[in-house]
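TrEMBL annotations:
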REGION    1-130  region 'Disordered'
COMPBIAS  9-31  compositional bias 'Polar residues'
COMPBIAS  36-52  compositional bias 'Acidic residues'
COMPBIAS  61-76  compositional bias 'Low complexity'
DOMAIN    161-237  domain 'Cytochrome b5 heme-binding'
């Protein structure tokens with residue numbers, strides 16, 4: 001009770017009102033806190049702010065652009081709304097090519113509207129002659145040839161690279177001693193004869209002479225430098241004067 005008396009006796013800045021003694025407290029006066037009505041928040045701080053919700057749909061949205069009344073009001077506010085193209089206004093896709101009537105080497109009837117590159121000729125492509133392969137003996141496949149090159153065996157038949165004129169090249173035209181020139185390089189094709197997929201007879205056609213032209217007509221996609229690098233003898237040069 002003494003604690004309460006000390007608390008009630010404190011001086012506070014808020015005004016208090018004294019209550020007269022009653023039956024419950026006959027000898028004491030109870031302070032009552034008086035609330036100032038001016039301190040209540042009446043919302044005057046935000047009275048000047050714009051509390052309106054944002055526009056929906058947005059001012060520059062496609063939904064608002066589709067309606068004529070809003071578009072006229074939006075244009076008066078100082079900005080323009082982009083036009084939305086319909087399906088009929090868009091560029092139509094290119095026509096599908098009629099693959100059933102296409103012929104090789106012949107351009108389509110409507111080549112002007114096609115996205116294909118123009119044909120260099122209107123003639124159908126020539127049919128190439130088929131090159132038959134022969135059955136190689138066991139142990140003479142492409143992998144076996146690669147293993148032979150990696151073995152370190154001397155497949156050149158010479159100690160050093162040479163400068164070989166055509167007169168010297170034509171002397172090596174036998175099966176046991178066959179040289180040929182491909183793209184200016186002379187190779188000893190003797191060890192490669194049993195490994196040739198086209199057969200030994202086909203490869204002997206270039207023995208003792210320049211086989212660049214026949215090599216390009218037969219299999220231009222083959223890398224001769226990689227296939228016969230271990231058989232390089234020298235380089236083909238012109239005849240000395």
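Any Cβ shown, glycine's included, is placed from N, Cα and C.
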Seminar exercise, completed: Across the domain 'Cytochrome b5 heme-binding' (161-237), DSSP yields 29 helix, 21 strand, 27 coil
For this session: Grab the pLDDT values for the domain 'Cytochrome b5 heme-binding' (161-237) and give me their mean, rounded.
Result: 93
